[in-house]
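> Pulled from Swiss-Prot, these are the listed features:
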- Cys70, Cys72, Cys85, Cys88: Zn(2+) 1 binding site (BINDING)
- Asp460, Asp462, Asp464: Mg(2+) binding site (BINDING)
- Cys814, Cys888, Cys895, Cys898: Zn(2+) 2 binding site (BINDING)
Amino acid sequence: MKDLLNLLKNQGQVEEFDAIRIGLASPEMIRSWSFGEVKKPETINYRTFKPERDGLFCAKIFGPVKDYECLCGKYKRLKHRGVICEKCGVEVALGKVAAERMGHIELACGLAHIWFLKSLPSRIGLLMDMTLRDIERVLYFESYVVIDPGMTTLEKGQLLNDEQYFEALEEFGDDFDAAMGAEAVRELLHAIDLEHEIGPLREEIPQTNSETKIKKLSKRLKLMEAFQGIGNLPEWMVLTVLPVVPAPLGPLVPLDGGRFATSDLNDLYRRVINRNNRLKRQLDLSAPDIIVRNEKPMLQEAVEPLLDNGACGVAIIGSNKRPLKSLADMIKGKQGLFRQNLLGKRVDYSGRSVISVGPTLRLHQCGLPKKMALELFKPFIFGKLEMRGLATTIKAAKKMVERELPEVWDVLAEVIREHPVLLNRAPTLHRLGIQAFEPVLIEGKAIQLHPLVCARYNADFDGDQMAVDVPLTLEAQLENGALMMSTNNILSPANGEPIIVPSQDVVLGLYYMTREAINAKGEGRVFADLQEVDRVFRAGEAALHAKIKVRINETVKERDGSVVKNTRIVDTTVGRALLFQVVPGGLPYDVVNQPMKKKAISKLINQCYRVVGLKETVIFADQLMYTGFAYSTISGVSIGVNDFVIPDEKARIIGNATDEVKEIESQYASGLVTQGEKYNKVIDLWSKANDEVSKAMMANLSKEKVIDREGKEVEQESFNSMYMMADSGAGGSAAQIRQLAGMRGLMAKPDGSIIETPITANFREGLSVLQYFISTHGARKGLADTALKTANSGYLTRRLVDVAQDLVVTEIDCGTDQGLVMTPHIEGGDVVEPLGERVLGRVIARDVFKPGTEDVIVPAGTLVDEQWVEFIELNSIDEVIVRSPINCETRYGICAKCYGRDLARGHQVNIGEAVGVIAAQSIGEPGTQLTMRTFHIGGAASRTSAADSVQVKNGGMGASRNLKQVERADGNLVAVSRSGELAIADEFGRECEYKLPYGAVISVKEGEKVEAGAIVAKWDPHTHPIVTELKGTVTFVGMEENITIKRQTDELTGLTNIEVLDVKDRPAARRHTLRPAIKMVDAAGKDLYLPGTDVPAQYFLPANALVGVADGAQIGVGDVIARIPQETSKTRDITGGLPRVADLFEARRPKEASILAEVSGTIAFGKETKGKRRLVITPTDGSEPYEELIPKWRHLNVFEGEQVNRGEVISDGPSDPDDILRLLGVSALGKYIDNEIQDVYRLQGVKINDKHIETILRQMLRKVRISESGDSSFIKGDQMEYPGAGRERASASEDKFISKFTRVLLGITKASLSTESFISAASFQETTRVLTEAAVTGKRDYLRGLKENVVVGRLIPAGTGLAYHTERMARRDADKPLRVSASEVEAALTEALNSSGN
């Protein structure tokens, strides 16, 4: 018995380890794992069903079939444990040892491992410096390779075909050694002297100029250094021994009819063994060379599919016409080992059922059907029954439970008391998709769910199912109760707003009870307190909507935390007074003294949470729900067809529109307008008509006439059921009502273009057949889009989680003072997101001063909460530098100060919070709501007129930013720089900025006062002017009629215009010699120079420019000498929605990206080539001029002689994030990506906190590229981790030349694959490539992320698991002297491997 206990003890032991290393296995190592050689291809005997000896399932090698019983049955039972039977050679042991025992096959000749041969770049090829094609010719016995040239003229590694080989034999005899096949490759690999090769390579790299060569050399150098560093021997890439996986991994299942379902691996192994045995026999018989040469490549071709089927061209197909599943396929993909078995497993103790509403539950409860509870908690019930002495054995307990005796139900009730269960609804898109509840036993078979948690599960009751899981261990129950309980998750982790907001019926009920009605029963009465109102209402003496006065006592919490009580009389309604009874103390009466629409209720709950705390809020939310349900029941709101009131004006509006359309049609018929103009006009018309109808309809619905107390007829807000539903936010919207009672309007075709004929009917009137048919387009497209969208969104989430999974808060403060500059987010002069919202929950990086003084009002290191936000807005501060995850300098993970507030909890983030995964979920979860379409700008969808002036929103002082301007003779200023802004500062010094284009005429001087609404700048939106900065005389250069220019005379006005011809329209002979330009000269005809430079004032004219001055004309400063027409109406597709978000996170370079200035300096144009212009920037600091060739069709925003700053736009287009990072730095990149992604989400009305996007961005920026290697061991172009590079820099000694590096932006997929952890990368994508690389370079995985730890089956180093890991490390450090360090072990291992290899 003692033995047995020891045995069980030994089984449960966990080996403690800190890292996993992957490497190449030497033949000796493979033999040491093996328990015997597999010699026969047979699996089991078809008659006896016993494994064949020496076969693939051989019991002698892999262990017994039954526990503790040998094959022939001589030894049975536990007492013979460890005995090896002399008859059948099987060891008596547990049957499951077969899962870990391996066999091997001794190969008759060496074979190249397909991963190291074919997985690009071919590792074998790199080491031998041969191409893959050449190596294959050797392997497949097409060519000889020279292994040792001896004293001959041949070279090592040279290929010889048969003829050449025999010639060489005749010429040199035995002086040289050449061979073919994998053996030859192995010899060559064995002969490589790494020490000898590395030195010359290191010296050669700095001397090479060609980029491609450097790349190739550094790849080779890296590979050699890796081999040298870890004791992998190159020749191990050629296999001489093949391991055989244990039998249970290739199981046999008997089917009817005496056949077996077998794993594909067995087929693949069988082919290898057959061919290997045949080859062995041939070698033993010393068969002719030609036969052997035929057999060896066949063996190579048998081993390749076993390791990776399909990697070498055509996959081998099994009997079921499908490719066989090889060893590599076992671990790849969604069905592979990593994703199927290691990262996610199916769990026991779980059930699922349909959900139904539980309106009587409390927020922390769920209704669990008794049947399910009985099944789920069975072991607990058995235990309790035995403990109580109601059952003597487990078997008896089982009987009791099956008979469902009354005692069992009592025990069950006791077992589930305070034992939370997890409820989960698929798809679990964010962490709120799994939550803990306390079960309440109910009859019936459906799980009951609290209505307020539906929002986070995205659940409805139309047949959704949910799963229940039981946390078993005490620790798990504690975590469920403390962390995952639904009552502890009131705020959304994505944006910090409450997520238990009532919806639908509840909102309707609350809205109904807080509306007011004119002349309701009891209007004008005055009440002493809320209780009196309640009594009178119940007695039926006052109506719910009656306007009354009531005296209230309210307690209000002040900002400093003190409580003030006051008593006042308020004008209110009966319903609002009743509602105030459930509001917790500490909130003022004003929060309910309004019609409670959905937004107001959300605000109320948020305020409640901030003022009175979690517990009160939960109770309040429940009370709100009960009240809402009660009053929506009483209200009797329903929908009848008469609620859809069709406005009387509809017929007139549609009639007018139809007439106008006819008019346009006749114009088109007589050729006055083009097809395109007609289409646009018609669509504009119908859009307008549609708006008018819906306005009329809403006006009609929203008001009703009633008689007041004086008997006069007055208007009040309508009590129309449908209007109330839409207005309260309970359901429906103006757009939906428009389709029911207005007109359906214009429909789009599946390709996004709009159909000219609108649907003038609505659903109440009914649609005609044609109208119905037109509308089916849209409906179908919607469904198809949704299906595609879900898959894409899920994949985006998966990539995000993968890139951010190892980001955990690991320390309080990293000590950096870097941060992002936060300003209000402004679009077109409107504040979309005020500064307060953006800095809420962030830590201030540098002191904030009071505007215009040196007083610090917010010190650095402050965590900004709601009170600080008020304070910042009061002091009208317009920018704050806050800490950001992008700038955090923590080596592994991130620090709490850079992250700031934990959005779901409302306080500074705890150490151990997995902020990376939370960020990924917050961005990915709303992904399904984003659209998939790319929008066509054009048509009626969004045609906005081009802006042509700046109108000031708020008055103030004018000031210009980054603006070059010249003063015209009439006193107006003209902007002559690209990225200038006009800033209007209000009395607090807060600035509102307006962008000004080149050539804008500005009517406000520096420091001048401006009134609100004044127009301060104007420009022509359709042309791009060229403005002179000088006074002088115009001379034309290179302008010859009909060669470079053509004159056009306008017939109506009689004015002549000069238009510059496009290059391709000019005569071929003089196409490139003449460059039309306008030159400025003074009265004497001498060249004038641009102000402040020695560049002659010469303006080169691009194609299609219109010149508005005559040769020899006198012009003044700021005059327009030429205009370039802008094509405003060009429709460019802008990618919207999900694809846009994915593009940004993948850091893809957009097509025709904008061109930015690489250096600050003066613009000039050099010699043109055929299709390109040469742009030259002469830097202001006097360094080498920078040249760039730009295609001629690109429209340039700069002119000769203009000053530009580094990073300014030279040619418009979508921005390339790489350029922004390189030229403007990390902060600018952060701002750009933040704003772009937020724009997409904002359009859908989704709120996501900026810091989630920054968190992902930090992971995309985690690598740096070495630009100068200095004295370090790096090579130019290497990539390494950013925090590590900083440390490397800091730790370099004084005299060492430190390596220089630049930050690199990687897309999320690239970043995931280049993590330090190979386990995480391999379980993500491209498993083969990742593992090959890791094995060759002998990578170590230090198991720092979450994924790696899940794979090896440990607690994750986040949350409660972080404490466990910290404690484990501490314990280990305490035991240090007793243990050997990992590096010592590795050294010993390497030595052992080397000696075994040699």
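Just so you know, glycine gets a Cβ as well, placed from its N, Cα and C.
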> Excluding near sequence neighbours, so keeping only residues 6 or more apart in the same chain, what lies with its CB under 8 A of Cys70 (Zn(2+) 1 binding site)?
Ala59, Pro64, Lys76, Val83, Cys85, Lys87, Cys88, Val90, Glu91, Val92
> Which one is it: of the binding-site residues Cys72, Asp462, Asp464, whose Cα lies the shortest distance from the Cα of Cys898 (Zn(2+) 2 binding site)?
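Nearest listed residue in space: Asp464.
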> Quick one, of the binding-site residues Cys88, Cys888, which Cβ has the fewest other Cβ within 10 Å?
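Result for the binding-site residues Cys88, Cys888: minimum number of other Cβ atoms within 10 Å at Cys88.
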> Around the C-beta of Asp464 (Mg(2+) binding site), how many further C-beta atoms are within 10 angstroms, looking at every protein chain?
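Taking all protein chains shown, Asp464 (Mg(2+) binding site) has 16 Cβ neighbours within 10 Å.
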> Counting all other Cβ atoms within 10 Å across every protein chain shown, which of the binding-site residues Asp460, Asp462 scores highest?
Asp460
> Which chain neighbours of the Zn(2+) 2 site, leaving out Cys814, Cys888, Cys895, Cys898, have a Cβ atom within 8 Å of the mean position of the site's Cβ atoms?
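Here the non-site neighbours turn out to be Glu811, Asp813, Thr816, Arg883, Pro885, Asn887, Glu889, Thr890, Ile894, Ala896, Lys897, Tyr899.
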> Over all shown protein chains, what is the count of other CB atoms within 10 A of the CB belonging to Cys72 (Zn(2+) 1 binding site)?
14
> Using a Cβ cut-off under 8 Å and a sequence separation of 6 or more, which residues in the same chain sit near Cys895 (Zn(2+) 2 binding site)?
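Correct list: Val809, Thr810, Glu811, Ile812, Asp813, Cys814, Cys888, Glu889.
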> Cβ neighbours within 10 Å, counted over all protein chains: which one of the binding-site residues Cys85, Cys814, Cys898 has the most?
Cys898
> If we check Cα distances from Cys72 (Zn(2+) 1 binding site), which of the binding-site residues Asp460, Asp462, Asp464 wins as closest?
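Nearest listed residue in space: Asp464.
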> Helix, strand or coil by DSSP: which one applies to Cys895 (Zn(2+) 2 binding site)?
strand
> List the residues in the vicinity of the Mg(2+) site, defined as same-chain residues other than Asp460, Asp462, Asp464 with C-beta within 8 angstroms of the site's C-beta centre.
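So the additional residues around the site are Ile355, Ala459, Phe461, Gly463.
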